[in-house]
Amino acid sequence: MQRANLSTVSEFVFVGLSDAPEIRLLLFVLFLLVYLATMAGNITLLAAISTDSHLHSPMYFLLGNLSLLDLLCPTITVPKMLGALLLEHKEISFSGCLLQHFSLIAVVGTEIFLLTVMAYDRYVAVCHPLRYPSIMSRTLCAQLAVGTWATGLLNSLLHTSLVFTLSFCGPNQIQQYYCDIPPVLALSCSSTWSRELVILVVAGVLGSSACVVTVVSYIYILLEILARNSPGIWHKAFSTCGSHLTVVCLFYGTTICTYVRPSSTYSPHWDRIVSMLYGMLTPLLNPIIYSLRNKEVKCALKRVISRL
């Protein structure tokens, strides 16, 4: 019986970056500065959360996990992209592409589930403030964090196995600066319809479930605010939930535009722009968003910077 799903492509080539030397240098400097700023912001936030006793609470424990994910997400893709811009080394091995794909989907999936857990945490903080310490205990927080990472890894394992067990026997040029689902599927020389259907169904079920939990949490928060109708309640609720809600809208908007659609609608130029939003700008903006309207975080960051 003939063996199926045997790949004849040993490497892929990224062609999603400009070939003009002057633009390549400009992009290299720009992306390097964004990457370094992202690393500095999230590492500083992680240092503040781990060393400042005022931030040893469930909310900041979950925020620390988010900062760790924001460190991993650009680290998976940006160094290879910088190498392609500076050294023109645009090739990546088949196994390297598989590993990059698996790592990226795992981080993105974990972040979706983590944002959902953070929405539940905000719901408990606003609607059940007196019971918050008992409900969001350290044990539950640890279990929720482990669950989000495990679910993200399992989801990525399924997606990666569906994509990289296809046959690749033709073009090997990826219209992107990293190994993502749509451009890799576009290179397969076998039928991808059934795999795409499974990917869309799984992503739809998991993504919609996470979205529903997030939306329901904020509906309960809104109802609680309207029921209390006390002076300053809107300002307090916004300071409690505003940062998370902003990050959710930014992250969900970019990931849905990238993944929740068939490959027939794949547009290389548009996808590169969108992927840079959630792959580079979102990890850069998250620590800024959480720091601007949070006095505890700002004070902790000042103490960390003063110690450094």
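Any Cβ shown, glycine's included, is placed from N, Cα and C.
For reference, TrEMBL has these:
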TRANSMEM  25-48  transmembrane segment
DOMAIN    41-290  domain 'G-protein coupled receptors family 1 profile'
TRANSMEM  60-78  transmembrane segment
TRANSMEM  98-120  transmembrane segment
TRANSMEM  140-158  transmembrane segment
TRANSMEM  197-221  transmembrane segment
TRANSMEM  233-253  transmembrane segment
TRANSMEM  273-292  transmembrane segment
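Under the criterion of 3 or more C-beta pairs below 8 Å, with sequence separation of 6 or more, the transmembrane segment (60-78) and the transmembrane segment (197-221) do not qualify as touching, having fewer than 3 such pairs. Counting residues 6+ beyond its ends, the transmembrane segment (140-158) has Cβ neighbours under 8 Å at 58, 61-62, 65, 102-103, 105-114, 116-117, 202, 206 in the same chain.
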